[in-house]
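Feature annotations, courtesy of Swiss-Prot:
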- G58, A59, S60, G61, S62, G63, K64, S65: ATP binding site (BINDING)
- 245-256: compositional bias 'Low complexity' (COMPBIAS)
- 242-263: region 'Disordered' (REGION)
- 267-287: transmembrane segment (TRANSMEM)
- 293-313: transmembrane segment (TRANSMEM)
- 541-561: transmembrane segment (TRANSMEM)
- 602-622: transmembrane segment (TRANSMEM)
- 631-651: transmembrane segment (TRANSMEM)
Amino acid sequence: MNQKVDIEALHETSINSDQPLLRLQQVSRSFMAGDREFQVLKHIDLAIHTGELVAIIGASGSGKSTLMNILGCLDHASAGSYQVNGQETRELDDDALAALRRDHFGFIFQRYHLLPHLDAVRNVEIPAIYAGTAQTTRHERAQALLTRLGLGGHLQHRPSQMSGGQQQRVSIARALMNGGQVILADEPTGALDTASGKEVMRTLLELHAAGHTVILVTHDPKVAANAERIIEVSDGEIISDRRTAQTTQPAPEAQPATPPGPAPRRLLASLGLFREAFNMAWIALISHRMRTLLTMLGIIIGITSVVSISAIGEGAKRYVLKDIQSIGSNTIDIYAGANFGDSRAKSIETLLPSDVAALNQLYYIDSATPVVGRSMLVRYRNVDVDAQLNGVSSRYFQVRNIQLAAGITFSDQDARRQAQVVVLDHNTAQRLFGPGVNPLGQVILVGKLPCTVIGVTSDHKNLFIAGNTLNLWMPYETAAGRVLGQRHLDSISVRVKDGMPSKAVEEQIKALMLQRHGTKDFFTNNLDSVMQTVQKTSRSLTLLLSLIAVISLVVGGIGVMNIMLVSVTERTREIGIRMAVGARQSDIRQQFLVEAVMVCLMGGVIGIGLSYAIGYLFTLFVQQWEMVFSLASVVTAFACSTLIGVLFGFVPARNAARLDPIEALARD
């Protein structure tokens, strides 16, 4: 089905052609009222040629306005055929019909149908905006049309500042903006005084003389008498179609109406429409300042909450970490060698169990544990895995804060008697035994040594358990004496008592080890796990509080949707006017969506500004620490504002785009 309309072809082929410009064949229009069907038009046959001046006359309720709406593609026939220069309108979709209205027809309404918040020039420009005409071109054309119609001194006047006759002339200029090959005038003098009515009729006759096809819809025989052809409608039927004496005069040579210029390329036109949507949205928003402010209030509160909570959380984290940094970490490791990566470390065998015993005697040390390790082959039945064997003391799990999911750890007594017992990490237990088998009490081979599993660590991630390595632990004495055959240690892990300055303890440990060894053949590593935990906790708390604040954003978004739905209802007639002059459904949807996004973005900007103001006041009353704002939180706030505008503005925008232009124009 062909959905495109070649407007230029319509202009060209309609000139000096015997083919009717507009043809209705057996057109009927009916409406449902409850269970009853009312037929407004009945089997209408009508042909109108290019350059004609036609009057459709009839009493109120005769169906003449419905006939005009069908002729102008504002309405559709329930039955029959309507062709515009041979193009069947039933084959056209909504966008193609909008293109016909925009580029081919010009409407003049009895009630003018001007947008009250726009001046005369902007009202006239509307059809050209939807045609994608460049701003300068359409502005100049609008001014020229208004000046031609005697409104050169009223270009910046709004409808409320003009008389009825002046408003009607603005409506005529709007009808001519895109060329207006066919002018459809619905009771053009009905709301005017006699003098203004005559002026409007004189203008319409001049347009006819210039080659425009003019169709008047009226109930006044005096107005109809100006036409060269009068069609009388009664009860939905054409009861007469006659020529007047004026047809003896030579008909004007039909000239194509001059459009404002070639339309720009599609991309430029789309960008132009998007820019104009922003301009129109801005005008609409500032025209209702209080409503706009109330609409964005929820967004302002939500954005202020999110940004402020993020800043407070970051400030609190830095404040706490600053205190922790003054204490240091609570775990210190001692290794052989000068530093990490020392090639001589493997040959140094001076870390001994006696060093561990000496460290455990220090009052500022909570516990110290020896550590030896090696990668070993571990077997259970027919399952073999490579795992890291760690020979440690019973205090190791306390030092490293490793929790058990099942079983127990080995005791000092197990260590003294070199008990063949092991504790497995969660991953090792899963690999060896699989699901459904209780590892506790099972016997496995560590190298060639059979060992009984007495415990399994939890699946909780621990800094000291490598996530990509299988681990198991046995008493140091067992590992050194029965598996590895070594007396020296790989490392010593020390846990500092709570409240003790970690850095000072580290220095005491170095002094003790230097005294015992006589040379510095070791190095220490102070792990600040507490600091990392605080950072993680701080991030989690900030996220939690931010999620709570997001609820206010959602509430604000619902408020935006509610107000936008009300706005659609209040501006129904405006939507009908825009559709009548050629706006597509996508144009209407885009405008209301842009309005919603603009409301949310403005609310976001104000909310961020308020957050910084709160931060300034915060520093005046809280001296210990301050709110810390980040670029990420600001960018996130803007992103949230945009997303909320799109999500909660879509439904109102869709509802606006789905309005029927006839019903919309009929709204007060």
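Backbone N, Cα and C define each Cβ position, glycine as well.
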With a Cβ cut-off under 8 Å, give me the same-chain residues at least six positions beyond the ends of the transmembrane segment (541-561) that come close to it.
295-303, 305-306, 309-310, 313-314, 317, 596, 599-600, 603, 640, 644-645, 647-649, 651-652
Could you check the binding-site residues S60, S62, S65 and say which one's CB has the fewest neighbouring CB atoms inside 10 Å?
S60
Just name the most isolated of the binding-site residues G58, G61, G63, going by other Cβ atoms within 10 Å of its Cβ.
G61
What same-chain residues, at least 6 away in sequence, bring their CB to under 8 Å of the CB of K64 (ATP binding site)?
I56, I57, G58, V217, H219, V233
Near the transmembrane segment (631-651), which same-chain residues lie under 8 Å Cβ to Cβ, leaving out any that are not at least 6 residues past its ends?
299, 302-303, 306-307, 310-311, 550, 553-554, 556-558, 560-561, 564-565, 592-593, 595-601, 603-604, 607-608
Test of understanding: give the count of other CB atoms lying within 10 angstroms of the CB of A59 (ATP binding site).
12
Within 8 Å of the Cβ centroid of the ATP site residues G58, A59, S60, G61, S62, G63, K64, S65, which other residues of the same chain have their Cβ?
H219, V233, S234
